[in-house]
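Student: Please see the structure below; I have some questions.
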Amino acid sequence: MASADPGLAPLGAAAEDPTKGGIEIGARGGEERPVAPDQFDARFETGRWEIWAYYAYYIGNNGLTLFNFAPTAFQNLLYQAAGDNMTLYFAGRDRTINSIVLLANGISFAIQIFVFLVIGSFADFGTWRPNILIVLSVVAFAVGFAWLGVHTEEKWRVGLGLYIVGLIAYQTTLTFWTAAFPGLARNTPELRAKADEYSQGAITRDEYDFADSMKRNELSNVAFIVQSVGEIFILAIIVGVMFGVDVNASVANNNWGLSVLIAFATGVWLLLSIPWFVMEKRRPGQDPGMNIIAAGFWQLWRAMTQIWRLKQ
């Protein structure tokens, strides 16, 4: 699987979802009127080019680098280093290739759990999400380019480290990117108009929420379509790169080819991410009403207490 569908959003995807409104008492005669669920600031209105910059980032973060080619390169080096006995010394004793891969995955996911518990709530709350995405992306770029120096069997331990860090970088960048789309949707001119209609009593709250949901689904699904089409072109170039490196000539060429492919796809990701880093309007997220890190643990506790309502 080259990438994740943003339609199946991670837990952080509710980011920049402003506090919902209700009823406001009018100044004359105690008249009640609806308050728009989302309060708009003209500085944060979503533009067409910002949306396309958002899509472009996803074309780059397609998973080919750290989620597809990197695991292949890592396991290649493991098999070559292990030889006929198919075992390597790792974590205190001799282990099979499958055992090492499973342990590496376990270590990666354990670290991801810790990372998301500590900084995951920053995707929803406050204003740090764009900065965190940039830092995580830089880490991912560094890992991708580092594979150019890891293409021989004696460096399998380095490859293992790059593999673990790469999985963490891929999943965290994807999560913090995905968390921006509710804020994009709710600051579009279309949703601004719907909010005005709701405030004037022209539409119901259910109609506003439906329009909100449809706009978020539109951005999410179009992002996936654009990413899929863009990935086809990237893969076409990659086929040419493989022939250029002559990966079928020898094991060494194949190893080097995988490293080149990872670095190439990383370079594409880097170039396509720059527009989003520059053009994103740094919209404030929700106010957690508490310390942001504590809010992450509060969300976890709330999910644990509510999960029993979803026994099916």
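A Cβ is built for glycine as well, from the same backbone N, Cα and C atoms used for every other residue.
Remember, predicted model here, so these are calculated numbers, not experimental data.
Pulled the feature table from TrEMBL, pasting it below:
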COMPBIAS  1-22  compositional bias 'Low complexity'
REGION    1-33  region 'Disordered'
TRANSMEM  96-119  transmembrane segment
TRANSMEM  131-150  transmembrane segment
TRANSMEM  162-184  transmembrane segment
TRANSMEM  222-244  transmembrane segment
TRANSMEM  256-278  transmembrane segment
Student: Are the transmembrane segment (256-278) and the transmembrane segment (131-150) close enough to be called in contact, which here means at least 3 C-beta pairs under 8 A that are separated by 6 or more residues?
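Tutor: Counting Cβ pairs under 8 Å, at least 3, so yes.
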Student: Sort out the residues at least 6 away from either end of the transmembrane segment (131-150), same chain, that have Cβ-Cβ distances under 8 Å to it, and list them.
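Tutor: For the transmembrane segment (131-150), the nonlocal Cβ contacts are 61, 65-66, 70, 73, 77, 119, 122-123, 158-159, 162, 165-166, 169-170, 172-173, 176-177, 258-260, 262-263, 265-267, 269-270, 273, 277.
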